[in-house]
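Working notes for the structure below.
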Amino acid sequence: MPDRGGENGASCSVGRWSAEEARAIYNLPFNDLLFRAHGLHRENFDPNRIQLSKLLNIKTGGCPEDCGYCSQSASAENGLKASKLMEIETVLEEARKAKAAGATRYCMGAAWRSPKDRDMPALTHMIESVKAMGLETCMTLGMLDSDKAEKLADAGLDYYNHNIDTSERFYPAVITTRSFEDRLDTLANVRNAGIKVCSGGILGLGEEAEDRIDMLVTLANLPEPPESVPINMLIPMPGTRLAKAAPVDPLEFVRVVALARILMPKSHVRLTAGRTAMSDEMQALCFFAGANSLFMGDTLLTAANPGDDRDSSLLRRLGIQAETEQPA
C-alpha cells in the first residue's frame, strides 16, 4: 500500500485511493481499524469537540425524483402533501432558535429536482440573512447548474449538500430519474463556484460492503474531497420502496465511519439520519472512529432525530463539547 503521509497513513491532496486499498483497510480487524482511524482523527481534530448543525425543511414533498428511500418523493405512497417554499421570516426565526441552541451551521433543504429561477431571490435572501446572524449556511436543493451555483455563492453560501448516496454500480437500483453522473456534475458546479462541498451517502439501501467502500473512494478521489461527509443510516419510511429494508449491522456502520475518516482525514464526518435507532454505545464508537459532526433537534426533514436532551446527555457523559467557533 503506498504511503499516504503521516504516521497513521493520512491521505494527502495528491494521489488517489484505489478500491483495493480501501477494501484492505475496511477489512482490518475491528480494533486495528478503529486505532488507525482514531489516530488520524486526533492528528486533524480535537477528538472531544463536535460540530453541531441544524437542518430545516424549507419546502416539503412533491419531489419528482424517484429515490427509493425518500418520503418526499412524489412516488412515495404516504399521503405527504407538498408545501410551498417557506416564508423567509419563518426560516430566519428557526435560525435564531438554532443558534441559541448551540448550532454553528444552519442547513436549509428543499424537496426539488432543482431550484427554479423564481425561487432564487428568496433563497439568496435566506443565505444573506442567516449569515448576518453569525451562522454558517448550507443548502440542499437538488441539482445545480453552474449559473445557480454562482448565484448561491455570490450570496455567501458556505456549503452545499448533494449526496451521491451509494456506489455508481448500485445507484440505478435506488434512483432512476437522476444519474450518478448528474450528481457528480452538481458537485463540480458547486466546487467551481467556490462553495464548500457536503456529500456522503446512505447505508441500508440493500447495498453490499463493496458499494459502501466504492462510495467513499469516489468521494475521496474527487479533485478536492468534500469538507463535510454525512453518513446516513436508512430510516425505512412508510410508503417508500425501501420501507421494509433490512437494518444495518451496527459494527459495519462504525467500519464505514472509520473508513471515511481514514480516506478523508481533514473532512468533518457527520452522523446524520438514523441516530434514533442507534444506541449511545454505537454513537460513542462512531465518535471514536472519527465522526465529529451531527444534526441537532427533534426532526430531520420528515424523520425523527434524537433531540437535544438525549444528545446533550450523551455528549456530557462522553466529555465531548460543541465547537464554539465555526470550523475553518
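The backbone N, Cα and C atoms fix where each Cβ goes, glycine too.
Taken from Swiss-Prot, the feature [4Fe-4S] cluster binding site applies to C63, C67, C70. Here Swiss-Prot flags C107, C138, C198, R270 as [2Fe-2S] cluster binding site, drawing on sequence analysis. Taken from Swiss-Prot, the feature domain 'Radical SAM core' applies to 48-275.
Least packed by the Cβ count within 10 Å, out of the binding-site residues C138, C198, is C138. Between the alpha carbons (Cα) of R270 ([2Fe-2S] cluster binding site) and C70 ([4Fe-4S] cluster binding site) lies a span of roughly 19 Å.
The Cβ neighbour count for R270 ([2Fe-2S] cluster binding site), using a 10 Å radius and every protein chain shown, is 24.
Put plainly, the binding-site residues C63, C67, C107 were compared by Cβ crowding within 10 Å, and the winner is C107. Taken residue by residue with DSSP, C67 ([4Fe-4S] cluster binding site) is part of neither helix nor strand, so it is coil. Here the C-alpha separation of C198 ([2Fe-2S] cluster binding site) and C63 ([4Fe-4S] cluster binding site) works out to 21 Å. In three-state terms derived from DSSP, C107 ([2Fe-2S] cluster binding site) belongs to an extended strand segment. For C63 ([4Fe-4S] cluster binding site) paired with C107 ([2Fe-2S] cluster binding site), the C-alpha to C-alpha distance reads 18 Å. Of the chain residues outside the [2Fe-2S] cluster site list C107, C138, C198, R270, S53, L55, R105, T140, Y159, N161, S228, P230 have their Cβ within 8 Å of the site's Cβ mean position.
Counting every protein chain shown, the Cβ of C70 ([4Fe-4S] cluster binding site) has 23 other Cβ atoms within 10 Å. According to its DSSP assignment, C138 ([2Fe-2S] cluster binding site) is in a strand.
Geometry remark: C107 ([2Fe-2S] cluster binding site) versus C70 ([4Fe-4S] cluster binding site), CA distance 18 Å. C70 ([4Fe-4S] cluster binding site) and C138 ([2Fe-2S] cluster binding site) have their C-alpha atoms 20 Å apart, to the nearest angstrom.
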